[in-house]
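Asker: This is the structure I want to talk about, given as structure tokens.
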2 protein chains.
Amino acid sequence: MSSAVHSTEEYDMDIRSLSSSRSHPQDPPYVHKVGLPPKQNLFKEFKATVKETFFADDPLRSFKDQTRSKKFILGLQAIFPILEWGRNYSFVKFRGDLIAGLTIASLCIPQDIGYAKLANLDPQYGLYSSFVPPLIYAFMGSSRDIAIGPVAVVSLLLGTLLQNEIADPVANAAEYRRLAFTATFFAGITQVSLGFLRLGFLIDFLSHAAIVGFMGGAAITIALQQLKGFLGIKKFTKKTDIVSVMHSWNWQTIVIGASLLSFLLFAKYIGKKNSKLFWVPAIGPLISVILSTFFVYITRADKNGVQIVNHIEKGINPSSVNQLYFSGDHLLKGARIGIVAGMIALTEAIAIGRTFAAMKDYQLDGNKEMVALGTMNIVGSMASCYVATGSFSRSAVNYMSGCQTAVSNIVMSIVVFLTLQFMTPLFKYTPNAVLSAIIISAVVGLVDFDAAYLIWKIDKFDFVACVGAFFGVVFASVEIGLLIAVSISFFKLLLQVTRPRTAILGNIPRTTVYRNILQYPDATKVPGVLIVRVDSAIYFSNSNYIKERILRWLTDEEELVNKSGHQNIQFLIVEMSPVTDIDTSGIHAMEELYRSLQKREIQLVLANPGPVVIDKLHASDLAQQIGEDKIFLTVANAVAACSPKLLSDV
Amino acid sequence: MSSAVHSTEEYDMDIRSLSSSRSHPQDPPYVHKVGLPPKQNLFKEFKATVKETFFADDPLRSFKDQTRSKKFILGLQAIFPILEWGRNYSFVKFRGDLIAGLTIASLCIPQDIGYAKLANLDPQYGLYSSFVPPLIYAFMGSSRDIAIGPVAVVSLLLGTLLQNEIADPVANAAEYRRLAFTATFFAGITQVSLGFLRLGFLIDFLSHAAIVGFMGGAAITIALQQLKGFLGIKKFTKKTDIVSVMHSWNWQTIVIGASLLSFLLFAKYIGKKNSKLFWVPAIGPLISVILSTFFVYITRADKNGVQIVNHIEKGINPSSVNQLYFSGDHLLKGARIGIVAGMIALTEAIAIGRTFAAMKDYQLDGNKEMVALGTMNIVGSMASCYVATGSFSRSAVNYMSGCQTAVSNIVMSIVVFLTLQFMTPLFKYTPNAVLSAIIISAVVGLVDFDAAYLIWKIDKFDFVACVGAFFGVVFASVEIGLLIAVSISFFKLLLQVTRPRTAILGNIPRTTVYRNILQYPDATKVPGVLIVRVDSAIYFSNSNYIKERILRWLTDEEELVNKSGHQNIQFLIVEMSPVTDIDTSGIHAMEELYRSLQKREIQLVLANPGPVVIDKLHASDLAQQIGEDKIFLTVANAVAACSPKLLSDV
């Protein structure tokens, strides 16, 4: 017999069956015992759990076995990654960063002016937020591709939440601004705390599907809002007849807006079709700003009702340290808004960071990243910035323009600085319609039909979360949408822990492998034996369900057996491979199962309990109760052990 | 070759190894393909999920294929199980029920009077609650062993919550009482709703460990409170010198209390030692009431400062329909208190019901049970009852006295009726100290050291929840204790879904089985191949962690390999048996893992993806990306397929 057969004995023998072992009951097969893991002491166990929960990435790994001075340098480098990658910085890299930085600067300046309006702030605050935060991020952040600054969704969210507290942001501009800075401060504090306390995994509770829906909904809301500016309507008239509506419109604005939007969308289309032309959509906004500003200046269209930016404060960020609310009612409001905005901003930034890190295959330390983003917002809040984070669209442009390191953010920051210092008067005649067109063309990219379709294909429940978040944002508000997204995500997790799957296993022909009979229709049941697999840890939240589900499988099977006149069920094998843990409620449920089976004269047999489970089965004496000889390494072993006993009853 | 060898080929061949397959690379082994489950349509899938979530027990099973009139009868029987079991009721059963009913009646009457005081209500309200609710439960409930009435913990909880709203239950007795009835009404509504909406699984979110801790803490709190009555102290004196304290005591009360408590505890001890004498602790309370009442009446000890019950309203429950608050502030307060008290009462009743159902091996329908308990509380709230539920101690006595059906509750109810109608004046001289002694001796049983020790042995985390709930109740309040218990339970579930276990697998010698190398130290790794098992569904909450954890295993392994100079890792096999589900975030994480591995020139191989996973791998095209030929039925198959390829690189 060749050894090739030996190597494949798991699947190549079709004569193997239960009957064969029945004919040789005197040959006890070699059975490897179920391993009992080495006893751990309590402290070690606790330490391991804490480490895996909060320090899963082993952040201190590189500090091991180092001298004290080396540790200090490593510590500094951990806080300021620029000290690490900066040493290998070269001219070639700088060339890439310079081009990328200039490109994203041209994109961010008009976007910033528009986004500030979404947050109900004056245009310069958008620019401020593209000056200080990117600088700080460049020193502390570990992503090489992210582009920092204000983003559409966070601006909208912040604007909505702030307006809930201060109804009229124009009349109470100073108070509104102070609350915005306070919220920014607490957004930063939230981000730093999550990173420092290593609670970064909390943002994982917003599922991908919920984010897709939320972003899409926010994009639609923003786009609809911008239509107002786009059509030149100050306030929608209450008269609904077409003439009144037409009167309130301004045809010059519509022409400017529509043509520029067409131009921008066409530029986007070109960039999408040919990835070498990625720079076309990247510089499109700047070109349209220049063209439209020049056009308005020449024609003085502003005198005919075309609304213009008019004034952007000249000079760089003034200090806003004294403007933060550190007491009273506004402190609480600011903190509440900041926590929400900070979490959303974080979710966006981490998602971007991870995406590009995976594309270039470098590691991104989520917790360190949060500390960097938080610090930049805390400092920002003291320099008249509002919440900044990573922008999807600008980061993609940054990546495609060939950025190498965070230096591209420094370049962008310098350009914004120069703009603030010298060029704000040039924006006087910039029509608001062009800003609306830029925002619309930027946010349409957030409506991700492909992703939604993929979600639909993969997971219907996820799709419900996605659609729920989308409609919540569109028809209610950003907060409601967010709440729906989080609730549905949580409900799904609860479902997972209360209603785990169970499966009936059968033997796959010509193997000793036992698999779900629904997945493998050719798998055959073993007469007299019911094999059930439990697909989850057995915890208080599902222990009763699992017990009752197993008993129900048994009842169903016994009915079938009675109808067909086959052999009665005498063994219930529970395949426990997927059962990673069991708690006291679970042990009690297993005990109750064991007792119910005893009443029915059915033997309980366990297959492959994992290390934690076998440990607890012994600790609770349940292993002894069931019988050590009823616990096997594999289902095949268990079946082999049951079948000779079945024989005697036939 | 004998067929016995065939039957056990999975474990009995020690010559099988990778080298053997290398020597015959031209023999492709028979490999069973990974099954793709039959495509289900969306509606079916949705229906299956809803059914498994809300109708896991298939309540309409017996209604299938029945005539309409039969269905009507079955429906009636479903609502009133007494119609079903009543038909087989016999004199033998009644004898058991009669004895059990009389026993629990003798136990419940003194307990009821005491428990009413815990809820800050007059004694008769405790008796009222042992008259109407048990009657209704007997018709609608499906447990045969539960004894219904007021219980210590719920009385304490209700009293505490009500006193938060109405500080002085004596001065505002009428208002307090009305709020109590309103809370009872909403407790009933909550219970019926949970049962009717089939949300019964929500009570599973309070873990066994948390309940043990909560009950123990509540018992200690109650016992300490009773010490006041026991020592005859009206108000603890503020002077701390021993003389003032002694002065405020009443030695007669102490003598009565201490001797009766000793008697009751001794009776308990006897009952525990010899289970045939279970009736000794059962009738102990009644005897001590009779004795102490007679003693006080003879000695007129009440004139010497021994506090007595004095007055219990004669006659059965008056209607309280008009007393429920159905509007205003009190409606909300009552609803809030009712929801909490209703949930706790439910938890207790269901736990009792399940315990005894498992002992006698009959099925208990949790949702139906909730409807019965809820209805009895709704009706109770209209008949001057406060929240009733199943009592641990009385149900145990009921069971041991040989109860057969819920008729024992009817017997008890009739005895309580007779007591209310004719015997309340007899309690005039009953000293409060005896009630305190009865309550203390009843609640000490709730401090379950054995259970706590078992929890400690089995699961340290559960023990934290248990101790947290205990200290929360003792040192803060029942609500805080409850909150701690629920929070810790939830935190544990979150941990489960964010930080699932992963394991490195090795080959168990002389088998083709691959198991966790930590559990099986003799398992050997396959050179050039890293085998990782993921022990959980891959969801948004853990997808990033799993991806990064696998990459970290890989980095660790590569370091080891580099040090030892072994073969480089060329294959990463992910054993997916325990991965029961994957969502869109999970698919994205797997995609990122695949891409990272590509960069490192390592091939990703999957073993045994389940039906849902393989379905989604195909839906997302990830299966094609990885390659259908990289997905195997078992780890052994995967290793066998990898090893010839490894050969060529050596």
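From the backbone N, Cα and C atoms, a Cβ is placed for every residue, glycine too.
This is the feature table in TrEMBL:
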- B:179-199: transmembrane segment (TRANSMEM)
- B:205-227: transmembrane segment (TRANSMEM)
- B:248-271: transmembrane segment (TRANSMEM)
- B:277-298: transmembrane segment (TRANSMEM)
- B:337-358: transmembrane segment (TRANSMEM)
- B:370-389: transmembrane segment (TRANSMEM)
- B:410-427: transmembrane segment (TRANSMEM)
- B:433-456: transmembrane segment (TRANSMEM)
- B:463-491: transmembrane segment (TRANSMEM)
- B:519-642: domain 'STAS' (DOMAIN)
Asker: Between the transmembrane segment (B:463-491) and the transmembrane segment (B:205-227), are there at least three Cβ pairs closer than 8 Å, leaving out pairs fewer than 6 positions apart?
Answerer: yes
Asker: Which listed stretch (B:179-199, B:205-227, B:248-271, B:337-358) has the most C-beta pairs under 8 A with the transmembrane segment (B:277-298)?
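Answerer: Ranked by Cβ pairs under 8 Å, first place goes to B:248-271.
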Asker: If you average pLDDT over the domain 'STAS' (B:519-642), what do you get?
Answerer: 88
Asker: State the residues, same chain only, that lie 6 or more residues beyond the ends of the transmembrane segment (B:337-358) and have a CB under 8 A from a CB inside it; answer 'none' if no residue qualifies.
Answerer: 142-146, 151, 153-154, 157-158, 161-162, 165, 179, 182-191, 194, 200, 202-203, 206, 211, 364, 366, 369-370, 373-374, 377, 387-392, 395, 399, 479, 482
Asker: Would you kindly list the residues that approach the transmembrane segment (B:370-389) from elsewhere in its chain, counting only those six or more residues past its ends and only Cβ-Cβ distances under 8 Å?
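Answerer: Result: 79, 116, 119, 121, 125, 128-134, 136-137, 140-142, 148-151, 154-155, 158, 180-185, 187-196, 200, 317-321, 324, 338, 341-342, 345-346, 348-350.
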Asker: Give residue numbers and ranges for long-range contacts of the transmembrane segment (B:205-227): same chain, 6 or more residues beyond its ends, CB-CB under 8 A.
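Answerer: Contacts of the transmembrane segment (B:205-227) (Cβ under 8 Å, skipping residues fewer than 6 from its ends): 118, 152-153, 156-157, 347, 351, 436-437, 439-440, 443-448, 451-452, 455, 459, 462-463, 465-474, 478, 481-482, 485-486, 488-490, 492.
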Asker: Could you give the number of helix, strand and coil residues in the domain 'STAS' (B:519-642) as assigned by DSSP?
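Answerer: The breakdown for the domain 'STAS' (B:519-642) reads 63 helix, 21 strand, 40 coil.
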